[in-house]
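This report refers to the structure that appears directly beneath it.
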């Protein structure tokens with residue numbers, strides 16, 4: 001049940017990221033076309049695009065952490081044994097949790113401070129901007145704790161698959177699917 005809930009949350013983040021990216025693209029492209037072709041523009045384009053970009057970045061960071069595809073230095077992890085690797089996962093997880101605490105406290109304070117300040121054109125509170133840091137800090141806790149838990153019980157030694165290996169595996173799977181489709185046709 002917990003895995004199902006996690007998958008739903010991750011799927012929700014994916015949908016929100018796609019929506020943010022689509023809205024940003026439409027707003028910016030539309031604004032450029034309107035400015036050059038009709039000498040006008042979309043008033044909310046710049047402010048809304050900036051706000052959506054901040055949310056997009058924070059949600060993407062949570063997804064990258066949940067999928068364990070974030071940027072990391074694995075040179076040290078590859079040089080040591082599994083027990084030390086698990087210790088490194090726990091240690092780095094603890095550091096990340098401390099960073100989450102900073103994001104939560106700082107995001108909360110900035111959200112409260114900026115409740116009364118509004119975007120000039122959008123007319124919404126700047127709290128929507130700073131609230132992204134708060135949501136990020138809370139959301140990141142879950143995949144980090146999951147990684148720490150897996151390391152503590154010995155399921156995970158902290159090594160992630162090499163991205164090139166993953167791409168090659170996906171390419172092989174796609175080729176296999178294409179071959180199967182061609183084989184089904186008379």
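Counting begins at 1 with the first residue displayed.
Note that Cβ sites are derived from N, Cα and C of the backbone, with glycine treated the same way.
Among the features that TrEMBL reports, transmembrane segment is placed at 12-36 (among others).
Taken from TrEMBL, the feature domain 'Tripartite ATP-independent periplasmic transporters DctQ component' applies to 25-152.
If you look up TrEMBL, you'll see 48-66 (among others) marked as transmembrane segment. Away from its own ends, the transmembrane segment (48-66) comes close to residues 6, 10, 13-14, 16-17, 20-21, 23-24, 27-28, 119, 122, 128-129, 132-133, 135-136, 139-140, 142-144, 146 of its chain (Cβ-Cβ under 8 Å, at least six residues beyond either end).
Remote same-chain partners of the transmembrane segment (87-108), defined as residues 6 or more beyond its termini with a Cβ less than 8 Å from a stretch Cβ, comprise 76-77, 80, 130-138, 140-141, 144-145, 147-148, 150-152, 156-158. Among the features that TrEMBL reports, transmembrane segment is placed at 87-108 (among others).
Packing against the transmembrane segment (128-149) from elsewhere in the chain are residues 6, 9, 13, 51, 54-55, 58-59, 61-62, 65-66, 68, 89-90, 93-94, 96-97, 100-104, 106-108, 110-111, 113-114, 156, 158: each is 6 or more residues past its ends and has a CB under 8 Å from a CB in it. The transmembrane segment feature in TrEMBL is assigned to 128-149 (among others).
Mean model confidence of the domain 'Tripartite ATP-independent periplasmic transporters DctQ component' (25-152) amounts to 89 (pLDDT, 0 to 100 scale).
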